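This report refers to the structure that appears directly beneath it.
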Amino acid sequence: MIDSGHLRLHDTVAGAVRDFVPLRAGHVSIYLCGATVQGQPHIGHVRSGVAFDILRRWLMARGYDVAFIRNVTDIDDKILNKAAAAGRPWWEWAATHERAFTAAYDALDVLPPSAEPRATGHITQMIELIELLIETGHAYTGGSDVYFDVLSYPDYGQLSGHKMDYIHQGEGVTTGKRDQRDFTLWKGAKSGEPSWPTPWGRGRPGWHLECSAMARAYLGSEFDIHCGGMDLVFPHHENEIAQSRAVGDGFARYWLHNGWVTMGGEKMSKSLGNVLSIPAVLQRVRPAELRYYLGSAHYRSMLEFSEAALQDAVKAYVGVENFLTRVRTRVGAVGTGELTPRFAAALDDDLAVPIALAEVHHARVEGNRALDIGDHEGALTNAGAIRAMMGILGCDPLDERWESRDETSAALAAVDVLVAAELESRQMAREQRNWVLADQIRDRLKDAGIEVTDTVNGPQWELLAGDKQVDAR
């Protein structure tokens, strides 16, 4: 247990850093909005996972018992549309890409969540929440849909700061709404789409409803921290607050939001075509190096991707790794030591990772100096502190997680899972004689540095920059 000062976190509702006081002493409950499993994960997706994994590790180091819930949105318009375009069942499409996200998180040593609920597994809880909202006058039916009445909740806008006169839900004009500022809780069934029976007819859940219902199911009516990307502040998180507090739930007491990964000043997004997939990056750097890069900026700041910045992070990580290896070779085994007070103070100050990393590199410089003058005790002390600090950040170079693999095996394991999903889509397209789509998938893989060869034993792939070939699954 870390004996440090008081943890302070930036709460989006307050617009300021606040002292963190958990609902129950010794326990922290966290809900992180996970992936909508519509496609392959890119580094913008996993930045959120890494950022709040550091928060979780720091809370655990401070002695807290942490319940960490990360959901999976496995039913959504985008999933249905992309699965239909690929000629695949929606549930298969979602499951394939859920596995890809799991592989990406695992490759970067993001700790598994305490629970990872899927939206489709919690339809009953969603229906119960809608019934409560209707009973309390906060929701109404409109045609085959159910909507939340925004005007019925006076505090609407408290998270995002949006004024009622300027609210736009992004749902388009819907005839069943009493007010176009209202948002959808339940979508009436459409031909060919999955649906579930309800008192209002068959249909499927709205996006915002899913998270409120699952957070309630796993963490109760009130919990400590809700996390997610800053792009979710409005409308997603604003609507979560409204529908949960409208039925009397306290819901989240702190709201934390991470910044985007950007390219050329634009948010990394599939719709903009500027995404950088996990396989493409892991072809060039090791998983520990990518994790170091994604976690090195303050979680609330934008992370502008560039090859130069990525290589700077690799160089910094390798510098730490080389120092620890030097000490182990010249002095002996390096155990995990004590965190420095400045490192602890940095993380207590709203997870100021850049300042914490400055302390890591200060210890590296001091440790190298001690090693050079034969001060083995000083070298070991600094090396032990570095292992402790890098462990909190999830990328201790001497941790068996990273040491047990050679330089490329971890990357190849992750790439294998991710590429297999793409090849599965390509094979489906070929079977349907959709040669255009099949060629597009092949070309997309080639752009990421992966060469696909069709053989009598099925497709095989290899990294263009390497010499190891792996049979496709």
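Positions of Cβ are set from backbone N, Cα and C atoms, glycine also.
Mapped onto three states, the DSSP output places C33 (Zn(2+) binding site) in coil. Residues annotated as Zn(2+) binding site in Swiss-Prot: C33, C211, H236, E240.
Positions annotated as ATP binding site by Swiss-Prot: K270.
For the motif ''HIGH' region' (35-45), the predicted model reports an average pLDDT of 93. According to Swiss-Prot, the motif ''HIGH' region' annotation covers 35-45.
Annotated motif ''KMSKS' region' per Swiss-Prot: 267-271, in sequence order.
The residues near the Zn(2+) site, meaning same-chain residues not in C33, C211, H236, E240 whose C-beta sits within 8 angstroms of the mean position of the site's C-beta atoms, are W207, H208, E210, S212, H226, G228, L232, H237, N239, in sequence order.
In terms of local Cβ density within 10 Å, C211 ranks first among the binding-site residues C33, C211. Packing around H236 (Zn(2+) binding site) is summarised by its Cβ count: 19 other Cβ atoms lie within 10 angstroms of its Cβ, all protein chains included.
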